[in-house]
Amino acid sequence: MRIWDREVKKATKELRKPKLSRALIKCYGTSYALAGIFTFTLEAIKVVQPLLLGKIILYFENYDPDDQTSLHEVYGYAAAMSLCTFGLTILQHLYYYHVQRTGMKIRVAMCHMIYRKALGLNSESLVHTTTGQIVNLLSNDVNRFDEITLNLHYLWVGPLQAMVIILLLWYEIGPSCLAGVAVMALMLPVQTWFGKLFGVFRSKTAVLTDNRIRIMNEVVSGIRIIKMYAWEKPFSALVTEIRRKEIDQILKSSYLRGLNMASFFASSKIIVFATFTVYVLLGNAITVSRVFVTVSLYGTIKLTVTLFFPLAVEKLSETVVSVRRIKAFLLLEEIERKKIGFCRKEKIENSVEIEELTCYWNKSLDSPSLQNICITLKSHQLLTVIGPVGAGKSSLLSAILGELPHDAGVLKVKGRLTYASQQPWVFPGTIRSNVLFGRELDPKKYETVLRACALKRDLELLPDGDLTLIGDRGATLSGGQKARVNLARAVYQDADVYLLDDPLSAVDAEVGKHLFEKCICGLLKNKSRILVTHQLQYLKAADQIVVLKEGHIMARGTYNELQFSGVDIDALQKINEEQKRCALLSDPDNASLLSQRTNHSRCSDSSLLPPESPSADQLPVEAVHTMAEETRAEGNISGDIYLKYFSAGCSPLVLMVIVLLSVIAEVAYILQDWWLVYWARQEFLNCTAEPIGIDTSVNATHPVQELNLKFYLGIYSGLTAAAVVFGYTRSLVIFRGLVMSAQVLHNNMFSAVLQTPVHFFDVNPIGRILNRFSKDISQIDSTLPITFVDVYQLFFQNVGVVAVAACVIPFILIPVIPLLVVFLYLRRFYLCTSRDVKRLESTTRSPVFSHLSSSLQGLWTIRAFGAEERLMRAFDAHQDLHSEAWFLFLMTSRWFALHLDAICALLITFSTFGCILLRDGLKAGEVGLVLTYVVTLVGNFQWTVRQSAEVENMMTSVERVVEYTELESEAPWETEKRPPPDWPSKGLVTFDRVSFSYSRGGPLVLKDISATFQPKEKVGVVGRTGAGKSSLVSVLFRLAEPQGKIYIDGVLTSEIGLHDLRQKMSIIPQDPVLFTGSMRKNLDPFDQHSDEELWKALEEVQMKPVVEELPGKLETVLAESGGNFSVGQRQLVCLARAVLRKNRILVIDEATANVDPRTDELIQKTIRDKFSECTVLTIAHRLNTIVDSDRILVLDNGTIQELDSPFTLLQNKEGALYRMVQQTGPAEAAALLKLARQAIKKS
């Protein structure tokens, strides 16, 4: 961390770009370089082994039973051979231990830096990066550091070892060795080129993966909307298309990997073939000891040069890409941190002073977000900021927070700031931890804050009180509860200036009043407060009012001063009709991508105030869903999973072909070795037989030798060719099959997730679902196939090796069988532990991502509270937990490998000494075959068992994906019974004894509701928070299946397909959700409307001027979650969607909570004009929006309390609606009554 900061400073001084790699080398270079000594010793031992082997075989070739000296010598060689093997075993694992630990340290340090950087990004940088990208950096890019440390040293050891071995070969077989070396030299550039291509494909894949995860993030966040709009298909098409492109890149790199692995197996055959062909053609006789020493030496160099070296190049090129991506992220601009310091004792006159302030969110859009703002806020004052949507209210707060860069002017803040954001931010944890946010718990103060924020009653209803766990993005709380927790967090901090961004919108009138009186003007009365609000009834209490419009101050003063100066407050919010341009884009009201994430609130709301009247005891009790632990499968991975994995991409026929190819390739592979030995033996026999026949005819042997050479060479070439061709074909076919499986599994999982009921998304946090789509899928895409192919090829090879050895010397089976038993026992023992450790590692990784994504959503809040350090510590704690599991995983696999290698070393010792003890009657060729094969078997056997365990571990990813492909699905999108094409023509909605709960066996949220809404009727739905208003919408759209019947125009909704139902109703949702993509796609994903219709719809919702100012108009691509619009503007876009759909039934779910009264009125007007022929259900907190409806439905605790025309209901002094109206204050109540009276007259 310090080294990188130093590097950045130094680079700035020297006017160059900082190098992340330089910082890494400085930090970890020395300890990593020391591990190079291990590598060097390891490879030196590997060179010595074949020479010892040669000496042992030589003894058998010149076997003389009476020669005691050479017997003692050969015992010495055998002992040296055993020692070498044991040395190798120990050194190798020490080396791996060191480099893997270094890799882990680098990865953890990088994650820490990435997270620290993410917390400091300024608004400019947030435009250039997305959550998806940062998650990808943490989940995929940093993993390269774990991989690269393993092989990096071979970049220098490889060439060095190659030179030594070439010298030895020259000494052994003369210039013929150059033929083999030439083949190897040809393979090197090809493999290096492969490595470069890997880098290219890797960076292309990374971009596509970023995209796919970003879309997944939006789909999961906006799943409610997607379901209600019946937009699953266009999203499905979008993801499938990106996935197809991604698979294309992955296929290319998999084919390369296939060629790479096949050439690893084939190269040794080609090299040996080239060497001996030249050797024989130069007229030399083959001897057994030469054959085996040469084959062994080539075997050693083959591993290093054709496996470790290219792997190092490939990993290096991939790591370079990752380092570049990480560096680019680390160099993004950060926010300037100001230290606000002053002595607590001195009396501060003014808390906030702003003079001539001008700010831009984006310099390229010419108009500033704030212009010439002058404000002075004295301590203890309440300053209220009002203004239409997009006027720059939130921008003003962000300028004070220091989030919005100052272009000109002076801004002084004295004292500590605290902030409550417009879109409430809660992080996964308990409610208490959300409110305390790192402060000490002071029980008395805590109680006071909860009371003031009307949270007391809610907490009594929750199963664990304030220790109830909140899910990701507060999934278990209602919108109103989240807003109050968000406010409580700000109030609990002991600050001097409180910035409150519209905290009263998400709650109903009664709670709003309580919050304003008890909290904002009660608990905080001695503090400086800046309140942004749309609720005009509270203006009288303000010490100062600022009216903003288009970034300017329109008016300023107290309520009376404003009225006196002739400014009509209501008119302020309603500025003249000519000025239709209610919102300028220049102020993306809250342009930060991250602070404005849409938060998905639970539809139902739970409740409210401390009981003031006896009737308050009947407040609704609502179930809060706690987070379920992430599931982890137990025990072995069932064969069923393997079957699903293979059959997903290959038909049974293809699987048969693969097995057949493999057997043929293996047979050709072994016969080639055997043929060489056979040939050498024949030569040997010929040499011994020739002296007898010399006098008969000197010339007779030549044609025979010619014939023999052609015959032997011909068969030898044929076998080599077969081994190579079949080897390559097998590899490519398997890779293709496995990548196809990955594609099928991904698509199945995606469609299953799209079709699962909404409840699933309420109980599973986003991080958990995304983890399957990012980490698990990337394993199935790239790591699993390569490991599987490795195991598969090695398995066949090992079977072949044992078979050959057993044919030659049956006694070899004696140690092999117990060895196999011990191996398998160890594998089982290891797998039990390692698989669960690996699963543990996967589940400890999820919190790291969840923590990251929730921090990014609450970036402004975190900075305003100065909580960066604490969140860094929390992140490090999550990381440490993950590192513990990871380190445990590394150590279990080291333990396993060490045990296996030790057993193998014993086997080599047995075989070597066994051959010498049973020396009578053994031919040199047999000894050579047995010993070389046993030596290869050792490395291979151990590696096969290790890799097979790895495959088993990686299959947990397949298991996790398969688990999601089998999620329970909601009712079908289309059924046999299709409604008539013009349905619903009238819009008559009937509820017949409908009851509903969110989960099976959960408490009922709606109880026995029966009501009929006439065609073209406008019905307002009111009720205190948590009465079941939003649940009514869920039932109508069948987001969960209710009990009872709902008819629309006489058609029973539960009998028709979900798409048929949902496409025929329009909804304007509580949370406006926009998706990344063009404006056009956001309005009309199916391309069913012409440009004119789209523009007309935008004009009707006052958004035409805004969209016209965008650089690409309708084709402009929106920022993530529509971050370039303010919340109110996003709400208008949702309204435009409804206008376009022209359906007979429209549901409006608190759609105007985030807009000012003036825009609200516009929306209501548009609804009355545009939807006069429709049945409209409006759920509202503001009574003035629905008091002129035809009828009003009052819900309480899930049952219907009243349903009649507003005027009639208001005559009843005992009624629920009357009480609600009275709570708004006498002036407002009179206005509402008047509106209701007018509505009656009109009708």
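For all residues, glycine too, the Cβ spot is worked out from N, Cα and C.
Quick look at what TrEMBL annotates:
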{"type": "DOMAIN", "residues": "33-317", "note": "domain 'ABC transmembrane type-1'"}
{"type": "DOMAIN", "residues": "352-575", "note": "domain 'ABC transporter'"}
{"type": "DOMAIN", "residues": "657-953", "note": "domain 'ABC transmembrane type-1'"}
{"type": "DOMAIN", "residues": "989-1222", "note": "domain 'ABC transporter'"}
{"type": "TRANSMEM", "residues": "23-42", "note": "transmembrane segment"}
{"type": "TRANSMEM", "residues": "74-97", "note": "transmembrane segment"}
{"type": "TRANSMEM", "residues": "154-171", "note": "transmembrane segment"}
{"type": "TRANSMEM", "residues": "177-194", "note": "transmembrane segment"}
{"type": "TRANSMEM", "residues": "259-282", "note": "transmembrane segment"}
{"type": "TRANSMEM", "residues": "288-309", "note": "transmembrane segment"}
{"type": "TRANSMEM", "residues": "653-671", "note": "transmembrane segment"}
{"type": "TRANSMEM", "residues": "711-729", "note": "transmembrane segment"}
{"type": "TRANSMEM", "residues": "801-826", "note": "transmembrane segment"}
{"type": "TRANSMEM", "residues": "896-918", "note": "transmembrane segment"}
{"type": "TRANSMEM", "residues": "927-945", "note": "transmembrane segment"}
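Counting same-chain residues at least six beyond the ends of the transmembrane segment (927-945), those with a Cβ under 8 angstroms from any Cβ of the stretch are 49, 53, 56-57, 60, 85, 288-289, 291-292, 295-296, 299, 673-674, 677, 791, 794-795, 797-798, 801-802, 804-805, 808-809, 812, 823, 826-827, 897, 900-901, 904-905, 907-908, 911-912, 915. For the transmembrane segment (801-826), the residues of the chain that approach it from at least six positions outside its boundaries are 670, 673-674, 896, 899-900, 903-904, 907, 910-911, 914, 918, 922, 926, 929-930, 933-934, 936-937, 940-941, 945, judged by C-beta separation under 8 angstroms. The stretch in 74-97, 177-194, 711-729 that contributes the largest number of Cβ pairs under 8 Å to the transmembrane segment (653-671) is 711-729.
As a quick check, the transmembrane segment (154-171) and the transmembrane segment (259-282) miss the bar of 3 or more Cβ pairs under 8 A, pairs 6 or more apart, so the two do not touch. Ranked by the number of CB pairs under 8 Å to the transmembrane segment (74-97), the listed stretches 23-42, 259-282, 711-729, 896-918 are led by 896-918. Recorded stretches compared: 23-42, 259-282, 896-918; the one with the most Cβ pairs under 8 Å to the transmembrane segment (711-729) is 259-282. Within the same chain, residues 3-4, 6-7, 88, 91-92, 94-95, 98-99, 102, 105-106, 109, 149, 152-154, 156-157, 323 sit at least 6 positions outside the transmembrane segment (23-42) and bring their C-beta atoms closer than 8 Å to a C-beta of that stretch. Residues of the same chain lying 6 or more positions beyond the ends of the transmembrane segment (896-918) and with a Cβ under 8 Å from any Cβ of it are 56, 60, 71, 74-75, 78, 81-82, 85-86, 88-90, 92-93, 96, 811-812, 815-816, 819, 822-823, 826-827, 830, 834, 927, 930-931, 934-935, 937-939, 941-942, 945-946, 949. Beyond the ends of the transmembrane segment (259-282), by six or more residues, the same chain brings 173-177, 179-180, 182-184, 187, 190-191, 194, 291, 294-295, 298-299, 302, 306-307, 310, 314, 669, 672, 676, 709, 713, 716-717, 720, 723-724, 727-728, 730-732, 786, 789-790, 793, 797 to within a C-beta distance below 8 angstroms of the stretch.
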